[in-house]
């Protein structure tokens, strides 16, 4: 005797499948990362990230207009300065590359939400996310002195027009410090999207080519999270929420969907997932070799992040995905 319930009944046509679909992906879910460099007319493709470019500010503005026209509501800016120093001056100077890019984008596309990555690794000669002890080659960042740099960076970015401040350095207390600095400077309405559960991942390799931020010695395991930990992620989120975060993030996304799911179950705040460079480049490499259907794999992957609980997805696939979803 056949069963009374036949799940295939609701899979019999595309229209019916769409009607009962539990998770729907849209271009409004995306935040598109952009890499700003000095100069004019610069569009230099990142070798390890096909289709991703380092862009001068005039080209950033062109991209921003295209992104907005595709229905993508937000970008996040990363900067590659001309000069680097131990005080990460390029991160917090009012004439820094991210500050200039944020101002230019907001003037050209005021409706587009501009997030600013608030970190220091692109701006230091050693590639670590803050101050180091003199002579220390382990990469152990001095936490509290670094917080002062993050305060200045966040305020400078907000003054330049950034709509969202996104601290990514995984310093203890960085959300509270930045919240206090923003409030003190008159930016109490500027939200913080905290990289709350940022793992010390091997998936970041291509990004470090794009941002020119590879550590020159040591690694980042003394401040980014151990990939084997999940309870620690919940603690990090709990701390960031208590300190005033408005959005919490999991990075990377693909290997950490269990973390996205657990965090979504513990907080009412929006949860962002960062579909990182290594995840992107693996898909691009396989697609360029004809091994996979790029469109289907990308949309399936992004849908899975949302199904796991992500409200927002930072992804280099954003423009392509928006076109495919249109």
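Note that the numbers count up from 1, one per residue, in the order the chain is shown.
Glycine too: its Cβ is placed from the backbone N, Cα and C atoms.
As given in Swiss-Prot:
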ACT_SITE  198  active site, schiff-base intermediate with substrate
ACT_SITE  251  active site, schiff-base intermediate with substrate
BINDING   119, 121, 129  Zn(2+) binding site
BINDING   208, 220  5-aminolevulinate 1 binding site
BINDING   236  Mg(2+) binding site
BINDING   277, 316  5-aminolevulinate 2 binding site
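Positions of the features from Swiss-Prot, shown on the structure.
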residue	record	DSSP class
119	Zn(2+) binding site	coil
129	Zn(2+) binding site	coil
198	active site, schiff-base intermediate with substrate	strand
220	5-aminolevulinate 1 binding site	coil
236	Mg(2+) binding site	helix
251	active site, schiff-base intermediate with substrate	strand
277	5-aminolevulinate 2 binding site	helix
316	5-aminolevulinate 2 binding site	coil
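Not a single one of the binding-site residues 121, 129, 316 has a C-alpha within 10 angstroms of the C-alpha of residue 198 (active site, schiff-base intermediate with substrate).
Cα proximity to residue 129 (Zn(2+) binding site) (within 10 Å) is found for the following binding-site residues from 220, 236, 277, 316: 220. Annotation: 129 carries the greatest number of neighbouring Cβ atoms among the recorded positions 129, 236, 251, 277, 316 [cut-off 10 Å, Cβ to Cβ]. All chains included, 25 other C-beta atoms sit within 10 angstroms of the C-beta of residue 121 (Zn(2+) binding site). Note on proximity: of the recorded positions 119, 121, 220, 251, 316, the one nearest residue 236 (Mg(2+) binding site) is 251, by Cα distance. The sparsest Cβ neighbourhood within 10 Å, among the listed recorded positions (198, 220), is found at 220.
The closest partner of residue 220 (5-aminolevulinate 1 binding site) among the recorded positions, by CA position, is 121; the full candidate set was 119, 121, 251. Note: the Cα of residue 251 (active site, schiff-base intermediate with substrate) and the Cα of residue 277 (5-aminolevulinate 2 binding site) are spaced 11 Å from each other.
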